[in-house]
Amino acid sequence: MESRDPAQPMSPGEATQSGARPADRYGLLKHSREFLDFFWDIAKPEQETRLAATEKLLEYLRGRPKGSEMKYALKRLITGLGVGRETARPCYSLALAQLLQSFEDLPLCSILQQIQEKYDLHQVKKAMLRPALFANLFGVLALFQSGRLVKDQEALMKSVKLLQALAQYQNHLQEQPRKALVDILSEVSKATLQEILPEVLKADLNIILSSPEQLELFLLAQQKVPSKLKKLVGSVNLFSDENVPRLVNVLKMAASSVKKDRKLPAIALDLLRLALKEDKFPRFWKEVVEQGLLKMQFWPASYLCFRLLGAALPLLTKEQLHLVMQGDVIRHYGEHVCTAKLPKQFKFAPEMDDYVGTFLEGCQDDPERQLAVLVAFSSVTNQGLPVTPTFWRVVRFLSPPALQGYVAWLRAMFLQPDLDSLVDFSTNNQKKAQDSSLHMPERAVFRLRKWIIFRLVSIVDSLHLEMEEALTEQVARFCLFHSFFVTKKPTSQIPETKHPFSFPLENQAREAVSSAFFSLLQTLSTQFKQAPGQTQGGQPWTYHLVQFADLLLNHSHNVTTVTPFTAQQRQAWDRMLQTLKELEAHSAEARAAAFQHLLLLVGIHLLKSPAESCDLLGDIQTCIRKSLGEKPRRSRTKTIDPQEPPWVEVLVEILLALLAQPSHLMRQVARSVFGHICSHLTPRALQLILDVLNPETSEDENDRVVVTDDSDERRLKGAEDKSEEGEDNRSSESEEESEGEESEEEERDGDVDQGFREQLMTVLQAGKALGGEDSENEEELGDEAMMALDQSLASLFAEQKLRIQARRDEKNKLQKEKALRRDFQIRVLDLVEVLVTKQPENALVLELLEPLLSIIRRSLRSSSSKQEQDLLHKTARIFTHHLCRARRYCHDLGERAGALHAQVERLVQQAGRQPDSPTALYHFNASLYLLRVLKGNTAEGCVHETQEKQKAGTDPSHMPTGPQAASCLDLNLVTRVYSTALSSFLTKRNSPLTVPMFLSLFSRHPVLCQSLLPILVQHITGPVRPRHQACLLLQKTLSMREVRSCFEDPEWKQLMGQVLAKVTENLRVLGEAQTKAQHQQALSSLELLNVLFRTCKHEKLTLDLTVLLGVLQGQQQSLQQGAHSTGSSRLHDLYWQAMKTLGVQRPKLEKKDAKEIPSATQSPISKKRKKKGFLPETKKRKKRKSEDGTPAEDGTPAATGGSQPPSMGRKKRNRTKAKVPAQANGTPTTKSPAPGAPTRSPSTPAKSPKLQKKNQKPSQVNGAPGSPTEPAGQKQHQKALPKKGVLGKSPLSALARKKARLSLVIRSPSLLQSGAKKKAQVRKAGKP
């Protein structure tokens, strides 16, 4: 809304109402409202809102610097400093600071005086003392944040005095006034500080060392005005023996004050700088930090020590760094990292990482200090295991010399661990452990070596793009050598042999090195491109490593393998190298690069497991030779040669065997290699993959591929990042596990099988424990018999316990095998994804539909575990996104057309038999995909089948014509299949099929609508559920462009007429709904009718709507009687939407005054009913209305008692008000004919509105004589009426159409015009 210009004159009405108010009063109020809103937004918690409101306030005040708004703004902001909401006070303080900064002409002393007068500490009540204290504090802070306080000497002195006064209220403000005072004095000039210093700093050293703020003020003065401080206090040595305990107490207080803020107190860093300046850092660190704060066993003090350590790194020299990183602080930090493992515990490690990263990034030109800090943190170990993770992000800040030195240190520590140089510790739980093996040096060496090898791999993993190639090669050769080789005799040709082990490398450590090496291969071999998979020479990293391994194998006198090669295995290695040379001739082909990658990887695996990889390597070489030496493949239009070489099948088996191994690298290699050979895939090779995915085959039969359990390797790989918390809690966890097993065993023992029960009864009967009726007279069992019975029972229960354990082990074994099988199937799905992505036009893709559906169907029924969920999600993603929604598909079916038609029928039937809709949706989408394939293939391959059908007696008249005749799609068969499915969906109550399925069918294959839409039309007048579903489907289908394009104009018009006739038949019972189902039935019919109107209007179809209009008007009275039923508003809106399309406007409901309603004598019924909210008769004034029915004073005529019905309530009168106007005119209420239609006998045929206009005038419709001069609105109405029910846009203008609708309402009988007539008659009767 825009404000009125003050120069504009006011209207007479406004002048009368406003009196003597100024012309711009409204604009001033508008600005004031906007102005006041700023202060509300300033106090909101959102920072963006506060800043925006402050900026708008300043901009607003800049236009009125001398106005009253400035005074109000200052008053409002000062008031806000002491509001009850504590979160709003800093907001007002910041806004006041920015205001004072923007308007420098505002005197600070005046503002400070207003604050002190507003919040006078001497006169304020006790309940308001705390807000007043904070108001004064935030007021001073606002003056300081404006930047003007240090320049105004008078205001500065007053502020200092006020802060000193506020410092006495420590219970409320704590140390905030003193902190503010230190912050202010740190900004003032030296001359000002010399002048103020005697007033703020006492000469007593005890007071100076009593609080952090006093000490910080002392350090500030010592830094800026040392001469003045010396005159005031004298010479002071803070690090003397007497003052060290006081410094410790001050630092402890500072640590407690920032416990919630989690930051380093400024006083601690100032003391550190002072100690460095006075060359007293060793004394400060040893006595104050390590011997003082650290010994308190107070975690805030410990965190202060950690933060001080991190902040001190950039300030220390190399010698000082060595002092700090070998002390108790870093050891205590390591203990904290090891013990802080619970989710809710505070972890300082991320904060320390930030300190170290900042230090490394800031000293790029000093690699020695970088190396010293990184080595120091890597030397903090828990029984040999460093506390820093193997993957440490701060390594990326190392300069190249520091990185090279760090890698050299790691390699040296791996070969010759120096345990004495480590800052090693043990946790409390480890110290309590009685196991002596936990404290053996061999165990510490193993833990250290395992961490080092994974740290080397992580460095290459994170920095292999930035690292020098020589350094990467050093790490890779180091890992390869110590994974598979052992030094016999050092040689200069192999640098790795020059450094012997100080501790022998154990087999467990060598397995960790091997695992880390293959992880390194995954990093270096993820791609076939120049970076990162290849070196600068263009060869892959794996090729260089194979060449290095061949060099080691050739130096058998100096180096030997961990697992010695046999003659056959060495021949396989040599043949592999020969095959690599042959592949170099085909290096231009991408397939050759994939084969080379596979061959190199399996060749390296020959070093790890020679017996398993030897045969595999030979098969790969055979497949490579056949693949590269075969002739070009023939086109897909020809039949596949059954004598095709089986190299593809062999290679697929090899890839499946590689996928069975627990290696992500193998998974990537298998995926890449299969992408290059999938174009040569044969049905038998595909069947090998499907056998793995088929649940019936893979679960019931013995798998051809042995799946390897990867839990051990995963545990081995993830162990290096974990601390010793498992060992700390080992005893407690074992006790809990044993208790859990015992409880579980007891529960299982409760359900004893029948065989064990019979055996128990036999033993008891044999011991005469269960006798007959005369058992009481028998003697008790003797000791020998009792012992024999006990022994028998013990042996029986022991056997039962073994059986239970065996069943439990068998169940665990089956679950583990099932988990491994599911994991293997998830990996094999990689090959399926590659096939459907890279070869979607391959005919073999069609063979994947039912196996994938089988997996989805099984997983949806039993998707309890995470692996089942992963398998389901991956299968569904491949099926939906890569297969059914693929842009390309098979265009060469050959003789598969008949089988695909049968498969379509089978899939649709399976969809109708599924227990739920999600499963049915996948089957239905599969059938749509096959329809797309059949529709997109030419009929050349289907000629033979078509001829056979014609010979069998198929009517050629029903065969498709046009474009459909050129495809393989058998339209009659497909139509029959989907017609059956549609009928089942409409008639079956719990059908898994849904409306979106058939909408997808109609949109993708609209040619089927010619046969399926009549089924929907047939069910429009059926039972409740089929009618609702049919109407819903027709609503969506009739508006589809694809469906309309499949019908000729006469056919489409005929279909619209059929739908209109069915809907008209449904609407004959409109308004008679008694149940929810009947109400929904009426809603669906009206919705379909409106969709039909929109479709006809859009396409300009001509339909006869006379019968429909009569039906709708005939049901208007019954519809109004249920006007207030539940859910009827939607029904009325749809009804009048349809009537509006037919030219009938919805009557407006007007509220009438009580004076215009004729009064009537109240009936006894109305007198008995007491209305809620009305006065009783005894309380009403007597001079209200005469009891004998005489007219009232306002001249309104009273109706006779016989002409008025009994008085009813307001709601009843509103529901029946449509009947009253007709009675007021003196005519009986009858069913009104259509608007503009003459009253005729039932035998008279219905005429279109156009003929009615010619034969009869509009004025004669109501039986009244026509007027001499016809109004213009009626002429326009004749043009606006539908021409034989044509639903479309009229050529008239909008105004003409509006007048036409009004004239139609005027000429409509009874109900539509009764309200206007009655109102006119009442007004005429009231005139004298």
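Any Cβ shown, glycine's included, is placed from N, Cα and C.
Feature annotation from Swiss-Prot assigns region 'Interaction with MYB' to 1-582.
What Swiss-Prot records for 1-22 (among others) is region 'Disordered'.
Swiss-Prot lists SER11 (among others) with the feature phosphoserine.
Annotation source Swiss-Prot lists N6-acetyllysine at LYS71 (among others). Taking Cβ-Cβ distances under 8 Å and a sequence gap of 6 or more within the same chain, LYS71 (N6-acetyllysine) has no neighbours at all. Under the DSSP three-state reduction, LYS71 (N6-acetyllysine) is assigned to helix.
Summarising model confidence by region, the motif 'Nuclear export signal 1' (240-258) averages a pLDDT of 89. What Swiss-Prot records for 240-258 is motif 'Nuclear export signal 1'.
As annotated by Swiss-Prot, region 'Disordered' applies to 698-753 (among others).
Residues or ranges marked as compositional bias 'Acidic residues' in Swiss-Prot: 734-752.
The region 'Disordered' annotation in Swiss-Prot covers 1146-1292 (among others).
Remark: LYS1148 (SUMO2 cross-link) has no non-local neighbours by Cβ distance under 8 Å and separation of at least 6 in sequence. According to Swiss-Prot, the SUMO2 cross-link annotation covers LYS1148.
Swiss-Prot lists 1151-1328 with the feature region 'Required for nuclear and nucleolar localization'.
For SER1159 (among others), the entry in Swiss-Prot reads phosphoserine, with the evidence type a large-scale study or a structure entry.
Among the features that Swiss-Prot reports, phosphoserine is placed at SER1163 (among others).
Summarising the annotation, Swiss-Prot assigns compositional bias 'Basic residues' to 1166-1184 (among others).
Taken from Swiss-Prot, the feature phosphoserine covers SER1186 (among others).
Annotation comment: Swiss-Prot describes THR1190 (among others) as phosphothreonine, evidence class a large-scale study or a structure entry.
If you look up Swiss-Prot, you'll see 1209-1218 (among others) marked as compositional bias 'Basic residues'.
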Going by DSSP assignments with H, G and I as helix and E and B as strand, what are the residue counts for the motif 'Nuclear export signal 1' (240-258)?
14 helix, 0 strand, 5 coil
